[in-house]
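Undergrad: What follows is a single structure, and I will ask about it in a moment.
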Amino acid sequence: MTNAYNILNDPFLNKGTAFTKSERESLGLIGALPAKVQTIDEQATRIYDQDQLHEKGIDQRKFLMELFNTNRTLFYYVIEQHIEELMPIIYDPVIAPAIEEYSEIFMKPQGAAFLSIDNPGEIEASLTNAAGGRKIKLIVVTDGEGILGIGDWGSNGVNISVGKLMVYTAAAGIDPREVLPIVLDVGTDNQTLIDDPLYLGEKHARVTGDKYYDFVDKFVKIARKVFPDVYIHFEDFGRDNATKILNKYRKEIPVFNGDVQGTGIVCLAGVLGVLNISKQKFSDQIFLTFGAGTAGMGIANMMYREMLVEGMDPEEAKKHFYLVDKQGLLFSDTPGITPEQRPFVRERSEFVNADELTNLEAVIKTVHPTVMIGTSTTPGAFTEKAIKEMATHTERPIIFPISNPTKLIEASAEDLIKWTDGRALVATGVPSDPVKYNGVTYHIGQANNALIYPGLGLGVLASKAKLVTDEMLSAAAHSLGGIVDPNEKGASVLPPISKIRIFSDKEAISVAQTAIDQKLATPNITDAKAATENIKWIPKY
Ligand SMILES: NC(=O)c1ccc[n+]([C@@H]2O[C@H](COP(=O)([O-])OP(=O)(O)OC[C@H]3O[C@@H](n4cnc5c(N)ncnc54)[C@H](O)[C@@H]3O)[C@@H](O)[C@H]2O)c1
Ligand SMILES: O=C(O)C[C@H](O)C(=O)O
Ligand SMILES: [Mn+2]
């Protein structure tokens, strides 16, 4: 192939119409492009205008993916110029149909590595091939079992790895040449995919048990061998595996789970944001977790640790938590308690009406939560009656319905504001428009782990941290304050996506500093700010 062909088809080298006259001469591109030499701004305007012509989000996404495949610099330039508008297109919520229809709309593998449990001997070659000689520092990996709240999407789930990595670069300037999206294809229990003649993954039931864990372990070991010091972000694993896998590796290598830890950090940051507005105390809060799965328990643990950091006795702190799942309030004798739920379950003897606590409303009436977080994948579960009940016992109810995508949200921000007469402090997992109520415009924070994992990652990579500790996670959560003015009427409980570059930087520095303080950073890294600045990638030619 000619040089021109190779360059114009390499998303890391291609500048398209922005190649200058002299570059065209020296690279053998003469005549391979139209005459006009454009600036990146001119290119970006053209791309943005074209993208706007598509009515549906999924079509906008397809158009942007073409750009992603051909010119990564311009792609990120456009995304950064319009981050608030385009993040929902490249990420949640439009990522959900893009995953469901992945096999149907497949065009290019987008540089991902597809690792099949049927061929564990190919892991090393697959990683090497997908990296194509690039030095990989960050991996996002999924096994596709628990994609957002939409369940098992098998190897289609690779799109969540691709999408999460896009946010890393757009939000925190992680170098896109140093990242690798991965799917562990261990089969699928989704009959729709098995029946779909176009499905591109392995067509058999999910492999479980030892064979599954051995495969995950092989992947981790080989990835760390092929890409020394690589930071591994696990995403959208199933409820039985997510925390188990995280705990297996987190004391040995730098790993992170987006759903467990990421959601925990962003919700803690949200509650801290609320308390800045309402001037209440963290240690006075009563937490109700609705949907005590991967994310729900990640959040409960993060809040619990914050109680301990504030000096509360562990047994006393536990009393601030109530878990509600399909079975109702979770008791020590409730069938089907998970290992993660076990430390937070209650005793029936604590309640005179324990047997009645089988639905959300009854639980609210009895335990009077001040904070309620929805991670149940159950749309409409926060009913008007339940919310009004909550609001009779607390002046400023803190309510975060964060199930994704949009169709699974427990209640809309608008309803929550109306039902509580503007008293609720709300954040949602998907972006929500501001709510106008009684002359006040309420800005709704997005409690999505995307707000915080990019900054955390930048801090981990900048400090070359050996591990990701609870202290680093806590630093990440605390770093988000000070951006929103809490005294403004209708203020958001979390900073807006439009400022994500600013707060990601702040967060990264705080995380890197914690790694340095904990002696987990590489010894020659002593200045968190400089280290963070040094590794940041900026989309420019
Ligand atoms: N905003 C964010 O950053 C963020 C992060 C992670 C997950 N989430 C969302 O949270 C939801 C859950 O994700 P997960 O990974 O924890 O899934 P999961 O399957 O691990 O947990 C879901 C839990 O909800 C419970 N549940 C189901 N129906 C219920 C009902 N009717 N009442 C009470 N509980 C019920 C399940 O039994 C399970 O324990 C998803 O919609 C996901 O998109 C959001
Ligand atoms: O992907 C998201 O939007 C957040 C979260 O990781 C989820 O699984 O819902
Ligand atoms: Mn997730």
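Here the Cβ of each residue, glycine as well, is placed from N, Cα and C on the backbone.
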Undergrad: Per TrEMBL, which one of D195, D196, D210, D259 shares the divalent metal cation site with E235, D236?
TA: D259
Undergrad: Helix, strand or coil for D236 (divalent metal cation binding site)? Use DSSP.
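TA: SS state of D236 (divalent metal cation binding site) = coil.
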Undergrad: So how many other Cβ atoms are close to N404 ((S)-malate binding site), meaning within 10 Å of its Cβ?
TA: 23
Undergrad: What Cα-Cα separation, expressed in whole Å, is found between N448 ((S)-malate binding site) and K164 (active site, proton donor)?
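TA: About 12 Å separates the two Cα atoms.
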Undergrad: Would you count the other C-beta atoms found within 10 angstroms of the C-beta of K164 (active site, proton donor) for me?
TA: 28
Undergrad: For Y91 (active site, proton donor) and D236 (divalent metal cation binding site), what Cα-Cα distance in Å is obtained after rounding to a whole number?
TA: 14
